[in-house]
Amino acid sequence: MYDIDAILMGLFALFQAHTLTFLLLGFFLGFFVGAIPGFNDANIMAILLPFTLLMEPVVAIVCMAAIYAGAQAAGSIPAILMNIPGTPGNAATTLEGYPMSKAGRSGYALGISLAGSSIGAMLGAILALIFAPVLGMFALRFGPAEMFMVAVLGLTVVSTLSAENMSKGLLVVGFGILVSLIGADSMTAFPRGTYGISFLYDGMPLIPVLLGLFGFSELLLLLGKKSISSQDGSQAQGWSEIILGAKDAIKQRINLVRSSVLGFFVGVIPGAGATIGSFLAYGQARQWSRMPEKFGTGHNEGLVATDSANNATATGAMVPMLTLGLPGSASTLVMLAALVLHGVRPGPQFFNNFQVEAYTILLSLFVASLLIGILGIFLSRVAQRVVFVPTAILVPIVTVLVFTGAYAWRFLAFDIMLMIIFGLIGVLMRVHRYPVPALMLAIILGPMLESNFLRATRIGGLESLIASPISMVILAMIIISLVAPGIMSLSRSLRKNARRT
């Protein structure tokens, strides 16, 4: 199953001078794009796709993989510094990262994030090297019923974790699902809730919504402040905070491994995505933590979990793309197109017919994970100063980026208006302490929830949703996620009462 000669040939192909050069260029480009709110790796990869035809197949594939890895890691930077996720998968990063920045510990948060991202991507690449040849067939067992249950699991976890009480979280999730149903019906293509607006026929555009809920709303709330951070930044301007954050992340070995493994296997499920993986990892980190009450206030355990899982999920998403030809995101779709254009066709026989190319891709992800830790932490030294920039300077600059990002998604002025509307919704939610990440995740997972529910029930009725062993296991996880917070809260209160007596 594992051809050592092919692995060695992949290493040889990867460590050629011109291949490494394009790997570095791709990583820097992806890192830069990922750190800009509203811009994503899929856009830049699509723009560069025709130019890859001038490269050798291995070089082109390595360059694309490096862009992908760099962007996934860099998306946490605006999430931590400005509460604006660089990618949807970084929405969970805002739960712990942004409170740290407001407390004047942006460097510490960036150190944790990039160290966790590096280790998560590294473990994901190792798991992919070991399990990719066999996991592709396992992924085929996830049909509509299983995917529906995965979506429900993601929504139940976020509803119980990102609010002070479960009722607020469930209410927000319900509202998000209703918003996600706007657009053409997934089965009949009949328009719903569009009010004759053709721009909504394809559904709610994610980037304008994300920029509105996280970016524009935060800009409005910053207007009355001098800077993002409440501190003067004297302790966060050196390397000490960044290095301390990286060390604290590395110390959490169990949390890192648990979150990375969970994220990787979520990524293997076609279409599940990094958003589900990072929120599930955040949930399990809180359940296993000795100090769950600190989550949501800037706790390092939560940030380690979300960012290691996010990058491991991104690596895991490569498995169904390579072994089944099933891209789970726009980024992996562009990578699939690049492979096909170069005559490298993913599928069940990929690791037999294209062994060298397969291992070169996975090894390049491993090298990119090292770059996240080395170059990413170096670049964060400059980035952390953002939280101490006066809002009179910062807000106009970020406003231009946010408006440009919303417009660049489809080049529609309508998307800017949509971003403003969701920005106002985000402000109201923050003022009344409703969980914004829960709304974003519900809008992302709503179409997946609906389409898979309809497919599953039309094929085998309602009973088909829990007919398979996989569905039953996920159902058990859903029940645990709903019951566990109450049980743990009761247990903590009983312990406190016992200590008093």
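Positions of Cβ are set from backbone N, Cα and C atoms, glycine also.
As recorded in TrEMBL:
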type: DOMAIN; residues: 20-441; note: domain 'DUF112'
type: TRANSMEM; residues: 7-32; note: transmembrane segment
type: TRANSMEM; residues: 44-69; note: transmembrane segment
type: TRANSMEM; residues: 108-132; note: transmembrane segment
type: TRANSMEM; residues: 138-158; note: transmembrane segment
type: TRANSMEM; residues: 170-191; note: transmembrane segment
type: TRANSMEM; residues: 203-223; note: transmembrane segment
type: TRANSMEM; residues: 261-282; note: transmembrane segment
type: TRANSMEM; residues: 358-379; note: transmembrane segment
type: TRANSMEM; residues: 386-405; note: transmembrane segment
type: TRANSMEM; residues: 411-429; note: transmembrane segment
type: TRANSMEM; residues: 436-454; note: transmembrane segment
type: TRANSMEM; residues: 466-490; note: transmembrane segment
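Looking just at the domain 'DUF112' (20-441), the mean pLDDT is 82. Two recorded stretches are said to be in contact when at least 3 C-beta pairs lie under 8 angstroms, sequence spacing 6 or more; the transmembrane segment (411-429) and the transmembrane segment (203-223) meet this definition. Here the transmembrane segment (261-282) sits apart from the transmembrane segment (7-32); fewer than 3 CB pairs are under 8 Å, leaving out pairs fewer than 6 apart in sequence. For the transmembrane segment (7-32), the neighbouring stretch richest in Cβ pairs under 8 Å, chosen from 108-132, 138-158, 170-191, 358-379, 436-454, is 358-379.
Among the stretches 108-132, 138-158, 170-191, 358-379, 436-454, the one making the largest number of Cβ pairs under 8 Å with the transmembrane segment (44-69) is 358-379.
Counted as Cβ pairs under 8 Å, contacts with the transmembrane segment (108-132) are highest for 358-379 among 138-158, 170-191, 358-379, 436-454. Sequence-distant contacts of the transmembrane segment (358-379), counting only residues of its own chain at least 6 positions beyond either end whose CB sits under 8 Å from a CB of the stretch, comprise 6-7, 9-11, 13-14, 23-24, 27-28, 31, 58, 61-62, 65-66, 69-70, 73-74, 110-111, 114-115, 117-122, 124-126, 128-129, 132, 242, 246, 311, 315, 318, 322, 350-351. Long-range contacts of the transmembrane segment (138-158) within its own chain (CB-CB distance under 8 A, at least 6 residues past either end) are made by residues 169, 173, 177, 268-272, 275-276, 279-280, 282-283, 319-320, 323-324, 326, 435, 437-438, 441-442, 445, 448-449, 451-453, 455-456, 459-460, 464-468, 470-471, 474-475, 477-478, 481-482.
Below 8 angstroms of C-beta separation, residues 88, 91-92, 94-95, 144-145, 147-148, 151-152, 154-155, 158-159, 162-163, 169, 172-177, 179-181, 186-187, 203-204, 206, 209-210, 213-214, 217, 271, 273, 275-276, 279, 425-426, 429-430, 465 of the same chain, each at least six residues beyond the ends of the transmembrane segment (436-454), sit close to that stretch.
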